[in-house]
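What follows is a short report on a single structure.
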Amino acid sequence: MPPRASVSEVKPRGHKRWVLQLRWVFIYEKGYQSTDTAVSSVFTKMKGVGHTNVNGSERVWDVSDYVFPPQGDSSFVVMTNYILTEGQQMGKCPEDCLSKWVIVQQLNGRKKKRTVNSACVQFGQMTGVCVKATNTCEVLAWCPVENDRVIPTPPLLMSAENYTLFIKNSVTFPIFGVTRSNLVEGVDADYINKCLYSPEDAPLCPIFKLGDIVKLSGFSFETIAQVGGAIGIVVDWTCNFDVDVKHCKPKYNFHGLYGNPGEKDQTRASVGYNFRYAKHYLENSVEKRTLLKVFGIRFDIIVQSLARKFDIIPTLTAIGSGVGIFGVATVVCDLVLLYLLPKREFYKNMKFKHTDTTIKDPDSEVASIEMEK
């Protein structure tokens, strides 16, 4: 009988696939470890004294004056500039208007100019009375009303650049039962008294200079101090508990959260960060207050964490999943290479081996001789 062709598949070696799988699962994804995130707490403490001299009036500002709130939270504001309105008391006074413009009216054939206030700040309740001296409306408010049209330049508290911030952070990984503090081994009282954070020289020091924080976040201190802004301090705990716990140490990163340092102020819808607060007092049995419009830098301390440790269950799960994925991947690749690619015939010839086989006829002479033997 004529020879018959048979096709057998050439099985590729599987060790390369297993090597890739092991690299991906165990080296890159670390699939042999279980993970946990931390429960954390943050305490802060500011130190530094500011000095201002405005129109011959000198004043010293300490921590209780320029930090809001003063409790040492993970989010707080340091005042760097302000507008002060002193001696306000409840009463009636003209409202404050930002700008004026002139319109022309035709009255009995004659032109007449009239001044109109285009943008008035509403600081109180209108009484319905017009004040001719200022061409504005009368309001019931804290008088005199605030005038915040001119922001002091340079910032009044440029000395804030030299303030120091102490951060105390504690984290607990409940699954692994590990508690760590950013006051790690070697960071004792003597070290804290003389250290100042530096990414290269003192990366574990928990005391930071405000000017350094602003610089590391990409901002100019004078620019952000004038109108305010926001900066994020990230405390990163990425730990591997397969080694000694003492190697679990924090890393600090700094990010400008509000605005882009390279963006022009004119393109922003709202510039800076500010708020107002008042200090009330009695003078001759009359209630008065001092109003401050505060421009400051808001600091948000953000703790992010990820701890890993060997666990047999995720190890077996990762291996099983990898085997299944590679099995499906083989089928999909074969379908693409055998039926979709332009050079699919070449792949078929490489994947399958063609052999010729001869089927012996029992009635033939050669077969009868072999049977006799």
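Glycine is no exception: its Cβ is also placed from the backbone N, Cα and C atoms.
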Candidate cysteine (CYS205, CYS248) that TrEMBL pairs with CYS239 in a disulfide: CYS248
Member of CYS93, CYS195, CYS205, CYS333 annotated by TrEMBL as disulfide partner of CYS143: CYS93
Rounded to the nearest Å - Cα separation of PHE275 (ATP binding site) and CYS205 (disulfide bond): 32
From LYS45, MET46, ASN274, LYS293: binding-site residues whose CA lies within 10 A of ASN162 (N-linked glycosylation site): none
Most distant Cα pair in Å, residues LYS45, MET46, LYS47, THR164, ASN274, PHE275, ARG276, LYS293 binding ATP: 24
Nearest of the disulfide-bonded residues (CYS93, CYS195, CYS248) to LYS45 (ATP binding site), judged by Cα-Cα distance: CYS195
Residue among the disulfide-bonded residues CYS93, CYS239 whose Cβ has the most other Cβ atoms within 10 Å: CYS239
When distances run from the Cα of CYS239 (disulfide bond) to each of the binding-site residues MET46, LYS47, ASN274, LYS293, the nearest one: MET46
